[in-house]
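*Asks:* Have a look at the structure that comes next, please.
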């Protein structure tokens with residue numbers, strides 16, 4: 001029986017590992033090969049390993065804050081139940097205000113040792129999903145909560161802009177290259193400008209904007225409704241993603257093994273670090289989705305080891321994908337969206353595989369766009385929510401969806417430079433979500449835990465990086481990255 005129980009636990013942990021792997025490895029991975037080639041292989045590998053370590057550290061901070069939030073919610077319910085029992089047993093004797101004031105004083109001024117002793121084994125168990133916004137409301141002041149929502153909204157806007165640009169870019173590259181004299185020419189020596197012809201008088205940039213308009217008209221209306229029951233859609237897109245990634249790695253390895261590799265990457269190019277930093281941060285992003293991922297796991301004793309194993313596997317995967325890419329293709333032929341390098345007949349002569357890889361972002365990103373849009377719309381509603389108030393129909397059903405959809409479409413209309421879009425989104429909003437917010441959550445949750453439960457209480461999900469030095473280090477690193485990226489953008493010619 002013990003062996004069977006252990007086996008079941010392992011299966012659940014493995015499922016959690018797979019879900020986390022799928023959550024992290026997404027669109028950012030497709031822009032990483034170009035970023036690797038731009039920054040040089042040695043600089044890229046060192047920065048990738050360091051940022052992977054930093055992301056793992058802040059992931060453990062979020063798990064710790066989730067446990068602290070669960071403990072406080074559980075304790076508040078126990079206190080409320082105890083106050084209700086006291087009120088029922090002495091309803092004719094004591095005053096209700098005195099009881100409430102006494103409950104407040106117990107909550108805010110002294111450790112509840114009796115509660116701690118009564119449920120010390122499970123007070124910090126993560127059984128209830130507490131989203132980052134709720135944790136921010138529990139542990140931050142009003143300014144901190146508003147800054148959190150501002151950061152998450154900017155990140156989601158960047159996400160939508162990347163998605164809105166990636167689909168039309170893929171369609172433009174595949175369809176324009178498959179017509180006229182351009183057949184199978186993506187990824188070869190020919191370099192195309194946006195003003196080059198696509199179909200007759202239609203230029204490539206015109207084709208891109210036509211596809212953007214069609215994308216907006218087809219998927220934009222979902223922003224005005226609730227998106228539900230996407231389980232099977234997500235399973236299908238995950239399957240397609242892994243088929244595409246494995247195909248690209250195998251095709252690149254075959255080309256290298258045959259001596260047809262053209263890549264000669266440099267060791268270091270400091271000018272490419274800014275975009276590489278943003279791409280890496282974006283590609284390791286999972287902190288905002290951890291509550292939905294960690295909470296369902298039944299046995300969380302080894303959750304930090306699970307997360308560490310995931311990060312090691314993801315680091316190895318990103319390295320394999322990027323190194324095979326930069327040695328297979330010349331730097332100047334690597335596309336912003338790596339899948340487009342495989343629409344060349346010289347790389348693969350099977351038309352179905354060429355079109356599958358070329359159109360892969362279209363299918364997978366299109367299924368995610370409505371989900372991200374609805375998430376952003378709901379965050380706007382939460383930010384401006386008034387206690388006990390409701391929004392007028394026009395504001396709720398028209399204004400919020402409109403301010404969600406229009407800005408990213410306008411950004412995508414102005415530029416389709418995916419490397420820069422991913423880099424800027426990761427370097428700014430991604431920096432805040434991945435480094436600054438988890439560090440502040442860990443610091444504030446530890447203070448609140450000591451205040452409520454006493455300094456001797458130990459959170460069972462306390463981060464391995466429990467010393468205050470690590471929180472300070474993450475905060476200094478995060479703010480330094482803001483300064484570095486901003487200075488780099490100001491001093492260099494912007495690509496956008």
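Glycine is treated like the rest: Cβ placed from N, Cα and C.
Heads up, TrEMBL stuff is auto-annotated, nobody curated it.
Summarising the annotation, TrEMBL assigns domain 'Amino acid transporter transmembrane' to 20-66, 133-465. If you look up TrEMBL, you'll see 7-29, 41-71, 139-158, 208-227, 239-256, 306-327, 347-376, 469-491 marked as transmembrane segment.
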*Asks:* List, by number or range, the same-chain residues at least 6 past the transmembrane segment (208-227) whose CB is under 8 A from its CB atoms?
*Replies:* 164-165, 167-169, 171-172, 194, 202, 366, 369-371, 373-374, 377, 397-398, 401, 404-405, 409, 412-413, 416
*Asks:* The transmembrane segment (239-256) and the transmembrane segment (306-327): do they have three or more Cβ pairs under 8 Å, with pairs 6 or more apart in sequence?
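*Replies:* They do touch: at least three Cβ pairs between the two stretches lie under 8 Å.
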*Asks:* Any contact between the transmembrane segment (239-256) and the transmembrane segment (139-158)? By contact I mean 3+ C-beta pairs closer than 8 Å, pairs at least 6 apart along the chain.
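*Replies:* Not in contact, no.
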*Asks:* Could you break down the residues of the domain 'Amino acid transporter transmembrane' (20-66) into DSSP helix, strand and coil, giving a count for each?
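*Replies:* Helix (H, G, I), strand (E, B), coil: 44 helix, 0 strand, 3 coil.
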